[in-house]
């Protein structure tokens, strides 16, 4: 059936809830409290699916689990306030290893001021790390979420953070590449560094749409375009700010830097749309613009397919 | 090291968080929002650790996952507002089976008015269901949580819900018992029915302490006594309201009904302490009283050990 269809079928039976301001389908849900609201999102990481313990230290696995979850709060313009984490623990992991994982998780969360406020442990066959992150939107009135559906014709499209580093790092790890000049890419794959503080900054600056870039720029832009019923026009020239640092590693991997930037996921950069005429906050790089209708993504005069930019074309 | 020690070691490194009103250690944490608060708790269920798919249907597994999580909100006196759920999906489960699980989860949540507002799917070796539940306390001022540490000398101790049914059901399932008069016990093991509405009811009635009975009455009472620095005096006569429905099944299992009531976990009954002199809400049965000091649990004149009532004595 495929994951998207399975999720769609499951969503049909799920209750929306009387306090739900923003339901499943964006980076977070937003839930009303008596006098306010909170954001919530969950992500599960499975050994050998999302990480490998022969590539990453326990500490790094913990950092990654925290960062990729906190990126969802960033992607809706919120501030992280609390996380809970459950571990399913296989017999071959030592207690020291698990404590290092938790230390990495804690180290990634602590600078945000959020708490790690609960958890659960179970034994099991395979390491599973399940994280739920909560946050607070900085906008009023409620819902304060900045959604992927808010882009408007005339907006500029901008990105904060890195693109393609994580995917390059994965390729390097798979090939056993040890070149020191490429170490950063591997590090970003193992411990992504989403620009968490840029989420609320963009929201307060007037962003119309926000989104965590988790699956790759072109496919996440296609989702934003579809949700907002607009088209996005990317500029190759503007993207050079993102392709330039990847030129050397792209040559080494036999790919193009543009391919890595457009299709590489898991850097957890922040994608934002801002109304034309407002000053785009420092830390964002404008990469294109929003056009009326179509729900398409264009790279200069080339229309990208729904599955992303075809790097074989 | 043991689970409790491992958790204690992990807690040492975890940040409490600037918005945390109640941290890890009770049934839920309570997190401040700009103008209010929310409750949060998480539980993970692992195939063959917490449930068996040859005993329970997919729908029943889904119900159980929702109920045991929502019981934690009840256990702090809150109303359930939102849940997220992640599934790690092994190759041997069909999409129909998974949709039935989600339908059971949804069916358990829907009557509360809460939403199922997000989730995540991954492939993996073994079915893992990770749930986070959020809620709203009904008390002001904040924190509105009713904690296990609030019991005071002179309080009465009361329980709403069933005790020992789930453990009796587990024993029946393990023995392949098919006697129709015992079907309810097996059903409660497969799909516990925590008295969710009694949590906020008890809170509003003035409960001093609340707790989800998840591990068994005697061990959970020992935790409450320790947290509150009080002793609890149980009355065998008063407990007969809970032992009476178990007499027949206890005989069949070769145990005493009192053993099942004191030591059987996972019914997710609600344990509450109320100040003497207030009317205990309908639905609660008084089982004992709170005495000053000692952090002990007594059954009439018999002191219970920390590990619960010794059914071999």
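First residue shown is number 1, and so on along the chain.
Cβ coordinates come from backbone N, Cα and C, glycine included.
TrEMBL lists A:27, A:41 as binding Mg(2+) 4, and of A:4, A:54, A:72 the one it places in that same site is A:72.
Sitting within 8 Å of the Cβ centre of A:27, A:72, A:212, and not among those site residues for Mg(2+) 3, are the Cβ atoms of A:26, A:28, A:41, A:71, A:73, A:74, A:75, A:76, A:211, A:214. Nearest to residue A:148 (ATP binding site) in space, judged by Cα atoms and limited to the binding-site residues A:27, A:42, A:43, A:72, A:215, is A:27. Considering only the binding-site residues A:50, A:148, the Cβ with the fewest other Cβ atoms within 10 Å is that of A:50.
Residue A:215 (Mg(2+) 5 binding site) falls outside any helix or strand according to DSSP and counts as coil. In terms of DSSP helix, strand and coil, the domain 'PurM-like N-terminal' (A:25-136) has 35 helix, 47 strand, 30 coil. Rounded to a whole value, the Cα-Cα separation of residue A:72 (Mg(2+) 3 binding site) and residue A:43 (Mg(2+) 1 binding site) is 9 Å. According to its DSSP assignment, residue A:148 (ATP binding site) is helical. Within 10 Å of residue A:214 (ATP binding site), judged by CA to CA distance, lie the following binding-site residues from the set A:42, A:43, A:50, A:120, A:266: A:266.
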